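What TrEMBL records for this protein is below:
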- A:33-50: transmembrane segment (TRANSMEM)
- A:108-197: domain 'Cytochrome c' (DOMAIN)
- A:Cys121, A:Cys124, A:His125, A:Met263: heme c 1 binding site (BINDING)
- A:Met172, A:Cys219, A:Cys222, A:His223: heme c 2 binding site (BINDING)
- A:206-286: domain 'Cytochrome c' (DOMAIN)
Amino acid sequence: MAVEERDPHSGYLTTGHEWNGIKELNTPVPRPVYLFLALTALFAVVYWVLMPAWPVGRTYTKGLLGMDQRTSVTSELKQAALERSAWMKRIETEALPAIQADAGLMQRVRETGRTLFADNCAACHGREARGGPGFPDLTTSSWLWGGDPETIAETIRVGVNSAHKDSRVSQMPAFGRDKMLEPRQIEDVITYVRSLSSQPRSAPAAQVESGRDLFAANCAACHGDDAKGIGAGAPNLTDSFWLYGGDVESLRRTLTQGRQGHMPTWEARLTEAERKLLALYIVDLRRKEQP
Amino acid sequence: MFGFHYRLERHALRFVIAVILVAGIGGFVEIAPLFTISETVEAAPDMRLYTPLEVAGRNIYMREGCYACHSQMIRTLRDDVERYGPYSLAVESKYDHPMLWGSKRTGPDLARIGGKYSDEWQVAHLQDPRAVVPESKMPSYAFLGRTPLKTSDLGLHLKALRKVGVPYTGEMVANAPADAYGQAAPDSPYAAGVAQRYGEATQVRAFMGRQGDPTEMDALVAYLQVLGRLTDVAKAQQAQAAE
């Protein structure tokens, strides 16, 4: 079926098809298209030789360059750790006051701490560490478990009410739900507790008095006789900091339903040096807030 | 060479055979690695199964299209590993049907989100993302907390997964609705069976902070809290590689 008829106008061959005297041209594909096709095919062949490509039974062709993403990410991480190792080692081994006194080292803490904090802590404590509903503000002087760097590092390690075996444990009982206090008694306790901090007080003295007695019988074991907390997760109720809110509505919810905050353990996710660095970063944040 | 093609395409039968041959090469290259998959994918003897509640959560994750903005695949890149943890291994998706690796990260990767944040945070964040992360653009899923979870058909879901190779036992299938209830109600008589059937590491908790009939929120949080925690093989393998 060879068709050798040439169109006299364009000079191209025709396909031999004809409709009402109009003949279909067999215009050749432009040369650059063939060129690119050939180049891509050539690229593929070179790539097969250099890079891992073809499956062969139980293995595959490894390629002349020996590229392997798992090996390269491992060595990249090693290299990064090596670059950090000089000052990271100092964070790991030196005493906390010595690190805090070293301006150069603290600059590293601020830079790396910021990234670590954003990746791991900011979801709950906020990007600026100012906390959120039920998540503590880390820039204040109010600390449930202690605010010195060692204690903070330990809290990061074990978490609060977490699955870790050494987890810090605290629970505010549900006095209302579990029928330990009558609703009227809860109102008295709320009035008394609010009278301790700098909140507007217009409550009758009798109610405050009754609240004081109930507090001594039910709350003082954890919050202390003076309601200043005894440092084991039970907060100081006489200051102006409230984790769950110090208004009547929030306090009623706290006393009725109880509270049990959770902080995950970071022992498996962060290294010891990273946890120490974060503790230093947090203490440094507070220092910046309150010069 | 082009003359050969010119001649070939003029014979219908020869051309059909040539098309089948060439397309067959592509098919073979894609299918051949599957013949040896049992030898090329890592082994994870400690791998746990998704509990019925986690399967339900996974179904909600798919229904709500979470995969459109969240990947579950930590790549072999330094940035990924430093932010999210050890890179994902194929074996970790062994029981994922379908897998939810995703390809787009409007939000962060979730492959190892399990245990990273508390249940309260997960619930607060799903109810109103901007209440805890002001810069978030995630939609609110508060309705999940108001929607009771349908548990009656979970046995059938487990059965379907068993058909594609997830080793659920007959006992697991039979107890699926009770186990879904028990996992979110630790004080109920159904809780003990969950740990017994799915392992001691199973998280039996009141995910929304209250016990009783589980909601869709309970299921989704249970699923999120187990992501990346079915096996420790990735962490162990990469710690060894770093030595």
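Numbers here mean position along the shown chain, with the first residue as 1.
Cβ atoms are placed via backbone N, Cα and C, with glycine included.
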Can you tell me how the residues of the domain 'Cytochrome c' (A:206-286) break down into helix, strand and coil by DSSP?
42 helix, 2 strand, 37 coil
Per DSSP, what is the residue count of the domain 'Cytochrome c' (A:108-197) in each of helix, strand and coil?
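For the domain 'Cytochrome c' (A:108-197), the helix, strand and coil counts are 41 helix, 5 strand, 44 coil.
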Given A:Cys124 (heme c 1 binding site) and A:Cys219 (heme c 2 binding site), what distance in Å do their CA atoms have, once rounded to a whole number?
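With the alpha carbons as reference points, the distance is 28 Å.
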Closest to A:Met263 (heme c 1 binding site): which of the binding-site residues A:Met172, A:Cys219, A:Cys222, A:His223, going by Cα position?
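The smallest Cα gap between A:Met263 (heme c 1 binding site) and any of the binding-site residues is with A:Met172.
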Provide the list of binding-site residues among A:Cys121, A:Cys124, A:Met172, A:Cys219, A:His223, A:Met263 whose C-beta sits under 8 Å from chain B at the C-beta level, in sequence order; use 'none' for an empty result.
A:Cys124, A:Met263
Just how spread out is the heme c 1 site if you go by the largest Cα to Cα distance in Å among A:Cys121, A:Cys124, A:His125, A:Met263?
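Farthest-apart Cα atoms in A:Cys121, A:Cys124, A:His125, A:Met263 are separated by 11 Å.
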Would you count the other C-beta atoms found within 10 angstroms of the C-beta of A:Met172 (heme c 2 binding site) for me?
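So the Cβ neighbour count for A:Met172 (heme c 2 binding site) comes to 19.
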Counting across all protein chains shown, how many other Cβ atoms sit within 10 Å of the Cβ of A:Cys121 (heme c 1 binding site)?
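A 10 Å sphere around the Cβ of A:Cys121 (heme c 1 binding site) contains 22 other Cβ atoms.
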